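Comments concern the structure below.
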Amino acid sequence: MDMAHERDASSEEEVMGGDLRRGPWTVEEDLLLVNYIAAHGEGRWNSLARSAGLKRTGKSCRLRWLNYLRPDLRRGNITPQEQLLILELHSRWGNRWSKIAQHLPGRTDNEIKNYWRTRVQKHAKQLKCDVNSQQFKDVMRYLWMPRLVERIQAAAAGQQQQQEGGTDTPPLSWQHGGSDGLYESPELPAPDASCWPAEYCAAAGGAQSGGTPAPELSSTTAGSSSLSTDSGAGAQPSWPTQADGAEWFTTACDASSATGGVAMRDTELELAQPPCQGGQTWTTSESSLPGLTFPDLAVADFEIGGFDVDSFWTSMEDDQLWCPTQAAV
C-alpha cells in the first residue's frame, strides 16, 4: 500500500514536472515548509510538498529542511571539539559523512564533508602529501589532534580562571592514565559543550570526578585514537588531563627544538612509511623523537619533502580551524 502510494506520488510529480519551481528557495516557501512541519511533522516528502502548497519536489523539501531549516541546526564555524571528533571518526570510518554527522548534533553530513575538503585536504596539499597517505595521517595524529586538545584545554582553563578571578594556570600536558594505556578526561569547555550529546558530557565529567569513566579508545592501532565502538551510540575521543612536570608539546617538530616532555617508551618500533608525493621518506630514530607522551608508540620525523612544519604552523595563524595555538582565553 505504502509503495503504491509512493509510486503514485512519484508519477504525479513527473506529470506536474513542468510546473515545479527550480532554483533558490524564497522566504515564503521556507515559511510554508516550516509551518506545515510544525503542525503535521515530517512525513512522506512528496505528499508533504503537495499538502504544504509547495511546487517543489519531495527531495528538494527534504534537503531544504534538513540542511537549512530544522531548528536544531548549529550555526557558525566548526568548533575545536567538533574538529577533533571529525578527525577521530574519519580515521575510523573514512568518508561516511552521514555516520559521522550522527555524532555531531546539529551538523549536517554536507557541512562535515565541506570542512574535510576545504580544510583538511587543503593542508595535505600544502604539505605536498596525499590526504590518505600515512604521512599525513601521522601529522594529524601527532600534531593536529594534540594541538586541538591543547586549545580545548586552554579555553577551559581560561574560563575557569575567569570564574575564579584566579591565578596563572600551569602548563598543559598529557598525563598517562594508568596501566591500561588510556588518558583521563577533563571537563569539556562550557561554551562548546552543546556540540556533544549529553551522554558525552556526562562521561567526560564522570572521568574527572571519579565516576563513570569516559568511553575508551581502542589500542589496536598504534598511534591512532580509534573509538572502541562502531555502534550508533556515543563516540568520543579520550581526553588528556593536566599534569605536573613534563610539558606535553612544543611548537617544534624535531628533538633539537623540543624543550621538554617524556619520550615514548617504545623506541624499537619504527615507522617505515612509503614516500610522499614530494619524494621524501620518513625515518624514526631515538634522537629525532619529539617530546611526546603517547604510551607504546613511535613517531615519524616530520620533515615532509624538506618542508618546515613549524613554519607551516606559524604561517597558518590566520586559519582558526587549523592552528590550535590561538587558544581562546
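Each residue, glycine too, has its Cβ placed from N, Cα and C.
According to Swiss-Prot, the feature domain 'HTH myb-type 1' maps to 17-69, an assignment based on sequence analysis.
Summarising the annotation, Swiss-Prot assigns DNA-binding region to 45-69 (among others) and lists sequence analysis as the type of evidence. Applying DSSP to the DNA-binding region (45-69) sorts its residues as follows: 19 helix, 0 strand, 6 coil.
The domain 'HTH myb-type 2' feature in Swiss-Prot is assigned to 70-124; the stated evidence is sequence analysis.
On the 0 to 100 pLDDT scale, the model's mean across the DNA-binding region (97-120) is 91. Here Swiss-Prot flags 97-120 (among others) as DNA-binding region, drawing on sequence analysis.
The region 'Disordered' annotation in Swiss-Prot covers 155-189 (among others).
The compositional bias 'Low complexity' annotation in Swiss-Prot covers 155-166 (among others).
Summarising the annotation, Swiss-Prot assigns region 'Disordered' to 206-242 (among others).
Look at Swiss-Prot and you will find 217-235 (among others) tagged as compositional bias 'Low complexity'.
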Task: Tally of DSSP helical, extended and coil residues in the DNA-binding region (97-120) - done: 17 helix, 0 strand, 7 coil
